[in-house]
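Following: one structure in structure tokens, then a few remarks.
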Amino acid sequence: MLVWLAEYLVQYNTAFNVVSYITFRSIMALLTALIIGLWIGSTVIRRLQILKFGQEVRHDGPESHYKKRGTPTMGGIMILFAIGVSTLLWADLRNPYVWFVLFILFGYGVVGFVDDYWKIARKNTDGLIARWKYFWLSVIALVSAFGMYAIGKDTAATQLVVPFFKDVMPQLGLFYIVLTYFVIVGTSNAVNLTDGLDGLAIVPLIMVAGAFALIAWATGNYNFAQYLHIPYIKYSGELVILCTAIVGAGLGFLWFNTYPAQVFMGDVGSLSLGGALGVIAVLVRQELLLVVMGGVFVVEALSVILQVGSYKLRQKRIFRMAPIHHHFELKGWPEPRVIVRFWIITLMLVLIGLVTLKLR
């Protein structure tokens, strides 16, 4: 929005030309989202307390979690608000990629909101009926996938980038839609499963989003894309604004979510942020790199799949409890230790992921 205003005002004062630079707008988007998050955080928490939107906990979970019952949830609302306002202010809204991410972010946010509301209304952890939850997640993802394919069909925007191989970029064709669907829905649910401890999901989200800000900038810059042997994608540069807005909103939320948490993001936050991360990875053609940098999310999701599969096939559990962060808690690790170690692992994976851009 401010891009349009600056384009008009630059004829009167060339200083407004600074708004045309992605680097300036990305910093401002981060600061705007951070300030909004810090500003509205306490108000949102008080409102959630008044509405009695408190967290329900699993009866079979670690005993240390019982004290979390009643902690305000659905704090993801403040994250979405901060990202939305920051993006509308600082992003170029003529860019279709911006709208694809916002569509997933707020579409999944609505699904997550309904899921959270049902958990609160029923006073259990079941939430929205699974088949309806995945139906709507799938519909939203497929609408985005078809739209993205229509814009980028038969161009670099629909190639698969393989880490470590600079000349291996197969054209996906219609398989692009299938891959996009699984990346968006899969990442959304993986982040949702990770969001079980104070600050456990939001910090890896911040790190990975920050890394994708760098990747989006490189992908949208022809010279850097050629230097790194990655596809140059016309619209991807503007995704830097969204990534930094996610970082800023995430930091603002972490202020209140750090151990011991004053608020939880709920499914309204985890489903939407995970979906946004997935669609950004698709748009910059780095789905495989997302698996590396988001390794913590992948392992959390795999631990649930393996646990359920093992129990159904062998009537035996692999872990003491899934997702895997609960396994470590039941082994005696204090919650802060689990959280910080997962953060450290994510930092290592993000750095490894960024290094692979050059190792080709």
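Any Cβ shown, glycine's included, is placed from N, Cα and C.
According to Swiss-Prot, the transmembrane segment annotation covers 21-41, 73-93, 98-118, 132-152, 168-188, 199-219, 236-256, 263-283, 288-308, 338-358, on the basis of sequence analysis.
The transmembrane segment (73-93) and the transmembrane segment (168-188) are not in contact, since fewer than 3 Cβ pairs between them lie under 8 Å (pairs 6 or more apart in sequence). Listed as Cβ neighbours of the transmembrane segment (168-188) (distance under 8 Å, sequence separation of 6 or more from its ends, same chain) are residues 104, 108, 134, 137-138, 141-142, 144-146, 148-149, 152, 154, 156, 158-162, 231, 270-272, 274-275, 277-279, 281-282, 287, 290, 294, 297, 301. Between the transmembrane segment (21-41) and the stretches 132-152, 199-219, 236-256, 263-283, 288-308, Cβ pairs under 8 Å are most numerous for 236-256.
Sequence-distant contacts of the transmembrane segment (263-283), counting only residues of its own chain at least 6 positions beyond either end whose CB sits under 8 Å from a CB of the stretch, comprise 41, 44-45, 48, 55, 68, 71-77, 79-80, 97, 100-101, 104-109, 111-113, 115-116, 127, 137, 140-141, 144, 148, 157, 179-180, 183-192, 194-195, 201-202, 205, 208-209, 212, 216, 233, 235-236, 239, 242-243, 246, 250, 253, 256-257, 289-290, 294, 297.
At the 8 Å Cβ cutoff, the transmembrane segment (338-358) and the transmembrane segment (199-219) share at least 3 close pairs (sequence separation 6 or more) and count as touching.
Of the candidate ranges 98-118, 199-219, 288-308, 98-118 has the most C-beta pairs within less than 8 angstroms of the transmembrane segment (132-152).
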